[in-house]
Structures are given as C-alpha cells and as structure tokens.
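A.B. asks: Please find one structure pasted underneath; my questions will follow.
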Amino acid sequence: MSDALKPLIGAAADRALSRAEAEDAFRILFEGEATPSQIGGFLMALRTRGETVAEYAAAASVMRAKCNAVKAPAGAMDIVGTGGDGKGTLNISTATAFVVAGAGVVVAKHGNRNLSSKSGAADALSQMGLNVMVGPEVVERALAEAGIGFMMAPMHHPAIAHVMPTRAELGTRTIFNILGPLTNPAGVKRQLTGAFSRDLIRPMAQTLGALGSEKAWLVHGSDGTDELTITGVSWVAALGPDGSVTDMEIHPEDAGLPVHPFEAIVGGTPAQNAADFKALLAGEASAYRDAVLLNAAAALVVADAASTLQDGVEMAATSIDSGAAARKIEAVAQITQAT
C-alpha cells in the first residue's frame, strides 16, 4: 500500500481531475495500492462532485488496458446496458444480441449477472445452455465460428477485485455502475448501450467518442429502462463518426411497431425469462418480440447493416422467423460447453 492516492482524493473533492490525473488514480486503485478507506474516499469524492467525461474516459481506459482482452473480427459491436434501472424487465438486450447476430452482424457482448432484475444476461444465457464462465480463447472461437460471443465481466476484468469489497460496503452508486458498457474487452468500435438515467446518455456517448468508438447510440426509455422502450418514447444520444453527439427521440411507431404496456415486458426468475426467450426465438408474437425488434433495428442501424429502423425491423424479424437467431444460441452453447 502507498499514499499515492491521498493527494488525488483531495483534488477530486475540489475540482475536476485531468484525464492524466484520473488515469493515475485509477491505476493506483486497480493495482491494489490503495486502502479500502482511500478507495471509498476517492469514489465518494467523485460522486459528490459529479464525474466528468474525462474521468469516465480515464477509468475506462485503465480498465481496458488491464483486462483479459479478446480479439474480435472487424465490425463487431456490443449491445449492453448499465443495468441498475430497477425495472426487472425481460432480457431484452441479451435477446437482441442474438437476433442481431442472426442478421449477420458480429456481436461481442459484455455482461454480468443480475443487477436490476431477477435475471441478468449471464443468468439468462446459463439457463439457455451456455457456459458463461469461459476465457478469451473460447470467446474468440465463438466470435469466429458463431458470429457472437459472451464475455462475462469478472472473467475479463480481474483488477476490479481490488475495489469490489469497498463498493459493496459503500452500498451506493459510484462511477463503476457505468463502466461496464465502456470497457468491452473486445475493444468494439460500435455500441448500442442503455443507461439507467437519461442524464448519463450524452456524457457516456462523449466518453465512447473519447475512447475511439466510431458509432454508438446511448439510450434511455421514458419508462426508466436502460434500453429503447416499446412502451413510449426513448431518448438517444447518437455518437457519429466525426465525434459529434446528436440528441434524438425514438418512438415505437418510428419502426412500424405498436406501443405496449410496461407490464407486458416485466420479467421473472431466470427460468421464467428463459422460457419467454425460447418462445420469442420460436416466433411467438408478443410485446417482448416487439421490444427486441425495436432494439435490434437500432443496433443494425448503428452497425450500418440497415439504413432505417423499418429496414432493421424486417431484418430482425427474418433473423427470428428463419431460425437464425436460435441457431446462434445453439452454436455458442456447443462451443462454450465443449471446454
């Protein structure tokens, strides 16, 4: 342990840190050179003052540098949310990832176990027969052979173990609640990313731009969900190739889809969510299907595989109804269970 973090704690409480200062601070955290009290003091100093884009980018860049990286094919994208919205919805981003892969876009999905629902991405995929506790080599094989791979966050970010006990003791949101979607181990340049707060979508989009992303949509639903919602309007901060961020609103009708009540997309246990996931892949009409079609359409636009949301919905529906999305699940399950 050292006292290297101490001056940065005081600085963080008084003013915004430069990116270099913030990188130094997070390097100290991730290398285990700070005490639990120092870690807690630093994280709460940031939270109380309010984190900046430079601080988000610094934390994410250090995490990326220390992760167990995955080599992904060019053009791969991530479809992920921060979690933490407290809404307990069905596994929309997880299902969306396989539908998008079934439409021909490589998806390197980063995720974890449940945070805001009874069933997070890893919980759902485990129920679907995948072994989520695999390392980079298996993920790379899945990406190469199946066109989609799942990266379980703790398997790729071991340095985070230095801060986990303090995070648990603090029991409140910190900068780490948004770092997951910013630290994809495959270094993807395109993202459809949900946030638990509308206030986060623009700074997160700016952060991804600072980290080198080419195109990303950061989204938040008006019902509080961390994805494009099928229940009403969603807000989007769209990062363009030139680094600009454009604010947009998206309604289900923009994609030719109906509006559904929130109750129709509420999830349950991992087993219940997996049953709904399987029904969706089998072609069952539902609010869940429409929510996935909307998010898949957006992802396909971000990937430049579709030019409009309406075109994206058609591609996503074909992915489901042709069985392509279901075959992606089967392929990844076989690859991950063979290890």
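Each position is counted from 1, following the chain as shown.
Every residue, even glycine, has its Cβ placed from backbone N, Cα and C.
Below are the features I grabbed from Swiss-Prot:
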type: BINDING; residues: Gly81, 84-85, Thr89, 91-94, 109-117, Ala121; note: 5-phospho-alpha-D-ribose 1-diphosphate binding site
type: BINDING; residues: Gly81, Asn112; note: anthranilate 1 binding site
type: BINDING; residues: Ser93, Glu227; note: Mg(2+) 1 binding site
type: BINDING; residues: Arg167; note: anthranilate 2 binding site
type: BINDING; residues: Asp226, Glu227; note: Mg(2+) 2 binding site
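A description of the local structural setting of each listed feature is requested, covering burial, neighbours and distances.
C.D. replies: In the three-state DSSP reading, Gly81 (5-phospho-alpha-D-ribose 1-diphosphate binding site) counts as strand. Of all Cβ atoms in the shown protein chains, 28 besides its own fall within 10 Å of the Cβ of Gly81 (5-phospho-alpha-D-ribose 1-diphosphate binding site).
Around the Cβ of Asn112 (anthranilate 1 binding site), the same chain contributes Gly83, Gly120, Ala121, Ala122, Met152, Ala153, Pro154, Gly180, each under 8 angstroms and 6 or more positions distant in sequence.
Around the Cβ of Ser93 (5-phospho-alpha-D-ribose 1-diphosphate binding site), 28 further Cβ atoms fall within 10 Å across all displayed protein chains.
Reduced to three states, the DSSP call for Arg167 (anthranilate 2 binding site) is helix. The Cβ of Arg167 (anthranilate 2 binding site) lies under 8 Å from the Cβ of Leu43, Thr174, Phe176, each of these being in the same chain and 6 or more residues away along the sequence.
In this structure, Glu227 (Mg(2+) 1 binding site) belongs to neither helix nor strand by DSSP; it is coil.
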A.B. asks: Provide the number of Cβ atoms within 10 Å of the Cβ of Arg113 (5-phospho-alpha-D-ribose 1-diphosphate binding site), excluding the reference atom itself.
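C.D. replies: Excluding its own Cβ, the number within 10 Å is 17.
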A.B. asks: Cα-Cα separation of Ser93 (5-phospho-alpha-D-ribose 1-diphosphate binding site) and Asp226 (Mg(2+) 2 binding site), in Å?
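C.D. replies: Approximately 9 Å lies between the Cα of Ser93 (5-phospho-alpha-D-ribose 1-diphosphate binding site) and that of Asp226 (Mg(2+) 2 binding site).
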A.B. asks: Would you mind sorting out which of Gly81, His110, Arg113 (the binding-site residues) have a C-alpha within 10 A of the one on Asp226 (Mg(2+) 2 binding site)?
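C.D. replies: If one measures from the Cα of Asp226 (Mg(2+) 2 binding site), the binding-site residues that come within 10 Å are Gly81.
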A.B. asks: Which state, by DSSP, holds His110 (5-phospho-alpha-D-ribose 1-diphosphate binding site): helix, strand or coil?
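C.D. replies: Note: His110 (5-phospho-alpha-D-ribose 1-diphosphate binding site) is in a strand by DSSP.
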A.B. asks: Based on DSSP, name the secondary structure state of Thr89 (5-phospho-alpha-D-ribose 1-diphosphate binding site): helix, strand or coil.
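C.D. replies: For Thr89 (5-phospho-alpha-D-ribose 1-diphosphate binding site) - judged by DSSP and reduced to three states - the answer is strand.
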A.B. asks: If you draw a 10 Å sphere around the Cβ of Glu227 (Mg(2+) 1 binding site), how many other Cβ atoms fall inside it, taking every protein chain shown into account?
C.D. replies: 29
A.B. asks: I'm trying to understand the geometry here, so how far is the Cα atom of Thr89 (5-phospho-alpha-D-ribose 1-diphosphate binding site) from the Cα atom of Glu227 (Mg(2+) 1 binding site), in Å to the nearest whole number?
C.D. replies: 10
